[in-house]
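Q: To start, I am sharing the structure in question, which I have written as structure tokens.
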Amino acid sequence: MKTRTQQIEELQKEWTQPRWEGITRPYSAEDVVKLRGSVNPECTLAQLGAAKMWRLLHGESKKGYINSLGALTGGQALQQAKAGIEAVYLSGWQVAADANLAASMYPDQSLYPANSVPAVVERINNTFRRADQIQWSAGIEPGDPRYVDYFLPIVADAEAGFGGVLNAFELMKAMIEAGAAAVHFEDQLASVKKCGHMGGKVLVPTQEAIQKLVAARLAADVTGVPTLLVARTDADAADLITSDCDPYDSEFITGERTSEGFFRTHAGIEQAISRGLAYAPYADLVWCETSTPDLELARRFAQAIHAKYPGKLLAYNCSPSFNWQKNLDDKTIASFQQQLSDMGYKFQFITLAGIHSMWFNMFDLANAYAQGEGMKHYVEKVQQPEFAAAKDGYTFVSHQQEVGTGYFDKVTTIIQGGTSSVTALTGSTEESQF
């Protein structure tokens with residue numbers, strides 16, 4: 001076990017590494033170690049994911065940027081890994097709608113239990129672990145052309161932190177302990193938080209938002225994981241703020257007040273740039289939530305951030321809340337992500353891809369199945385396309401194998417001394433028909 005002094009010296013040395021260039025911490029290594037306790041459990045999956053995410057953002061991604069899809073189940077994330085996606089995005093919106101611990105359906109307004117997103121992070125990582133165990137038990141190892149690196153970095157949504165700085169600190173720890181590689185926090189008032197594409201958004205003062213970023217970074221340091229921290233601002237659209245106490249915000253406050261006591265602000269890109277610049281020293285990536293897929297607005301934000309913080313990594317939400325073909329032509333849509341990457345937006349994601357694909361595909365199947373010729377539509381819409389996708393690496397046609405039946409047959413056989421008459425795949429329809 002390392003002594004307190006050894007931990008402090010090790011942490012001080014770590015903070016001099018290139019990984020932390022440009023990152024501000026308004027606390028000391030002594031402060032961090034003081035909060036750890038004598039035993040600090042390792043968070044292996046979070047460590048691996050954070051390191052992998054950092055490498056992907058610095059030259060190892062296939063396209064020169066990460067383009068991610070939202071997932072809300074372990075199975076969705078598993079299929080993303082098989083298909084070649086490099087990181088998983090886990091949005092609070094999807095968790096609110098269909099994957100929260102209240103077992104209810106909510107809008108994206110922080111109404112669900114705060115530990116719901118960490119629970120889904122854990123669920124996804126458990127699926128990755130099982131898939132890895134299955135291929136490993138089959139003798140498939142790194143270097144084998146059949147090998148899939150299932151442990152994708154998970155970028156998780158902490159919303160507005162579900163409260164104050166202590167809530168943000170505890171939520172960040174929970175995300176890391178569940179295995180998240182990166183976590184984002186936004187600058188809205190948690191008690192009335194909204195989806196970035198809803199109205200009625202209320203900002204907190206800039207310094208309060210910074211303190212939540214500090215809380216999140218401190219939590220990562222206490223756990224000993226180089227978790228990537230993403231700072232999101234909703235200031236492009238939000239025209240309310242809780243207080244006029246922060247001089248940094250004064251140029252945007254109109255003087256008008258609402259019946260709730262909030263102050264009106266001048267929403268827009270200048271307010272968003274102001275906040276992005278304030279957050280940049282405390283975060284690994286900066287994200288400006290926008291109302292439309294606007295390349296010129298994205299360029300203005302990127303240029304302003306990079307004028308003061310050259311090379312600062314940026315994130316962009318390629319949201320399903322945008323009507324893409326209403327805003328852009330097909331050629332621009334096709335080149336949209338590459339153009340963003342050229343501006344420095346190295347993490348791009350479709351927040352609600354998982355829930356839209358899941359709900360639409362089920363509706364499409366159910367509509368045909370209910371109205372038409374029954375099994376014909378299941379075969380045409382699901383089973384035959386699954387068979388056709390096998391050439392691209394899709395394997396869920398053999399659904400028993402996919403979820404681990406063969407793996408647990410091996411467990412049974414080992415326990416029973418090498419032979420068993422009760423293994424599940426032998427004699428199954430999957431064995432005989434697929």
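Glycine residues also receive a Cβ, built from the backbone N, Cα and C atoms like all the rest.
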Q: Figure out which of Thr254, Thr258, Thr292, Thr351 sits with Ser91, Gly92, Trp93, Gly196, His197, Arg232, Asn317, Cys318, Ser319, Pro320, Ser321 in the substrate site per Swiss-Prot.
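A: Looking at Thr254, Thr258, Thr292, Thr351, the one Swiss-Prot places in the substrate site next to Ser91, Gly92, Trp93, Gly196, His197, Arg232, Asn317, Cys318, Ser319, Pro320, Ser321 is Thr351.
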Q: Rounded to a whole number, what is the top Cα to Cα distance in Å among the residues the record ties to substrate, namely Ser91, Gly92, Trp93, Gly196, His197, Arg232, Asn317, Cys318, Ser319, Pro320, Ser321, Thr351?
A: 18
Q: Kindly assign Trp93 (substrate binding site) to one of the three DSSP-derived states: helix, strand or coil.
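A: Reduced to three states, the DSSP call for Trp93 (substrate binding site) is helix.
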Q: Near Asn317 (substrate binding site), which residues of its chain come within a Cβ-Cβ distance under 8 Å, counting only those 6 or more away in sequence?
A: Gly196, Trp287, Glu289, Thr290, Phe349, Thr351
Q: If you count Cβ atoms within 10 Å of the Cβ of Trp93 (substrate binding site), leaving out that atom itself, what do you get?
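A: Its Cβ has 24 other Cβ atoms within 10 Å.
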Q: For the binding-site residues Ser91, Ser319, Ser321, work out the Cβ neighbour count at 10 Å and name the residue with the minimum.
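A: Result for the binding-site residues Ser91, Ser319, Ser321: minimum number of other Cβ atoms within 10 Å at Ser321.
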